[in-house]
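Below is one structure, written out as structure tokens, with a few remarks after it.
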Amino acid sequence: MNESPAPHPLKQRLGGRNLYLVGMMASGKSSTGRPLAEQLSYGFVDTDAVIEQLAGQPIPKIFSEEGEAGFRTMESQVLNAIGQRHSLVVATGGGIVSKPENWGVLHQGIVIWLNPGREELLRRLNADSGNRPLLQTEDPEAAFDCLFAERLPLYCEADLHVEVGAEEPDGIALKIIEFLPQLLSPPPQMNG
């Protein structure tokens, strides 16, 4: 009989608080979230995947039919539902930080900003341009720069800023685990 691995020592210190991964599109939130959740014995949720499942259509189609405002409303509803649960790593959509009311839910957990930097993000986005509704313009790079400038001060509100390069998602997850204790109160000392 296979025994499940012992939970990570941080799990108890986290006290069930959700970890919310934020960052620009293509910053690696989903790919990093899965191994991070596995390492911590947490569940994993991708808000974009939940929205697609509930709407029964892909995000680009939601944007074309409902507009960005309609999508952001759905995103906030999904975030509110997720916020009722605990012990989750949550990969959020890149613009989730743009609605002030979302921060009430985000701040109930720990907010982690994944920042690969502009050049790496543009490289990743060029490889995946068809699935990014906000970049379907004459000048996608200018649209990206505008979005990034608008969101940067909001991403800076995160509890933990993680600079990422070309590391594998497992390595980024380990980096997050390495930095998390700095955000948590020290474990209680046993007198004896």
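Just so it is clear, glycine is given a Cβ too, placed from its N, Cα and C backbone atoms.
Pulled from Swiss-Prot:
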type	residues	note
BINDING	A26, S27, G28, K29, S30, S31, R132	ATP binding site
BINDING	S30	Mg(2+) binding site
BINDING	D48, R72, G94, R151	substrate binding site
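The Cβ of S27 (ATP binding site) lies under 8 Å from the Cβ of G94, L114, N115, P116, L121, V164, each of which sits 6+ residues away along the same chain.
When the binding-site residues A26, G28, K29, S31 are screened for a Cα within 10 A of the Cα of D48 (substrate binding site), none qualifies. Taking CA atoms as the reference points, R72 (substrate binding site) and G28 (ATP binding site) are 20 Å apart. Around S30 (ATP binding site), the same-chain residues at least 6 positions away in sequence with a Cβ under 8 Å from its Cβ are D46, D48, A49, A91. A count of other CB atoms within 10 A of each Cβ picks out G28 as the most crowded of the binding-site residues G28, S31, R72. In this structure the alpha carbons, written CA, of K29 (ATP binding site) and R151 (substrate binding site) are 16 Å apart.
Neighbour count (other Cβ atoms within 10 Å of the Cβ, all protein chains): 19 for R151 (substrate binding site). Ranked by CA distance from R151 (substrate binding site), the binding-site residues A26, G28, S31 have A26 at the top as the closest.
Around the Cβ of A26 (ATP binding site), 24 further Cβ atoms fall within 10 Å across all displayed protein chains.
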